[in-house]
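A.B. asks: Marked as transmembrane segment by TrEMBL: 12-36, 56-77, 89-109, 194-220. Sequence annotations record features per position, and here TrEMBL assigns disulfide bond to 145-180, 146-164.
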């Protein structure tokens, strides 16, 4: 069954688009995995929010995007109305879900940041516990910070090795200038914005594919009616 020139162009554009969507799916998986690794240690600070949930959802949606894109490639090349319509339906659900995730991240990132900062203050005050001390040291090393607001939170010249910004042994080394509360806030705001904007960006790209898929499905159906 041959489509006219315009619809044939849409068919091949949709095929190329789905290849790009496959790459977007891989990008979502990578970003989700990286953020999951970086946020994993922070989940122990606060039980109020599941801070790694957006990262896990990104990995799940990235996998779904990859599978659906492959389905869309097959539907476009085979000129299958059923496969193209099914692809369009799942793409609608995917776009809506990604927009919802982005909105939730924008809405709750402030509350999550506040909860994490309170949790860190609690852990810091109870750092005599070896588990808490290890967690504080890990956060200080990864975020390059020291104490809650500065190294002075440890007292005069009594900060741990994890506070050292250069070579040397604590407390004779130069400590990190920033406190961990401000660094946590910056990190979580940045991570939230990346997750939300990437979700919206991929959803916008998928919306273009959705329109193309609907046009192609309609053309295939009309062509089938002519030859039936």
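Every residue gets a Cβ built from N, Cα and C, even glycine.
Nobody curates TrEMBL annotations by hand; they come from automatic prediction.
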A.B. asks: With every protein chain in view, what's the tally of Cβ atoms within 10 Å of the Cβ of residue 146 (disulfide bond), excluding that atom itself?
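C.D. replies: A 10 Å sphere around the Cβ of residue 146 (disulfide bond) contains 27 other Cβ atoms.
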A.B. asks: Would you kindly list the residues that approach the transmembrane segment (89-109) from elsewhere in its chain, counting only those six or more residues past its ends and only Cβ-Cβ distances under 8 Å?
C.D. replies: 49, 54, 57-58, 61, 64-65, 68, 71-72, 188-189, 192-193, 195-197, 199-200, 202-203, 206-207, 209-210, 213
A.B. asks: Measuring Cα to Cα, how many Å separate residue 180 (disulfide bond) from residue 146 (disulfide bond)?
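C.D. replies: Distance (Cα to Cα, whole Å): 6 Å.
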A.B. asks: When you measure from the Cβ of residue 145 (disulfide bond), which residues in the chain that are at least 6 apart have a Cβ under 8 Å away?
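C.D. replies: Same-chain residues close to residue 145 (disulfide bond) (Cβ under 8 Å, separated by 6 or more) are 139, 176, 178, 179, 180, 182, 183, 184.
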A.B. asks: Just jot down the residues in the same chain as residue 164 (disulfide bond), at least 6 apart in sequence, with C-beta under 8 A of its C-beta; none if empty.
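C.D. replies: Listed in sequence order, they are 170, 173, 174, 175, 176.
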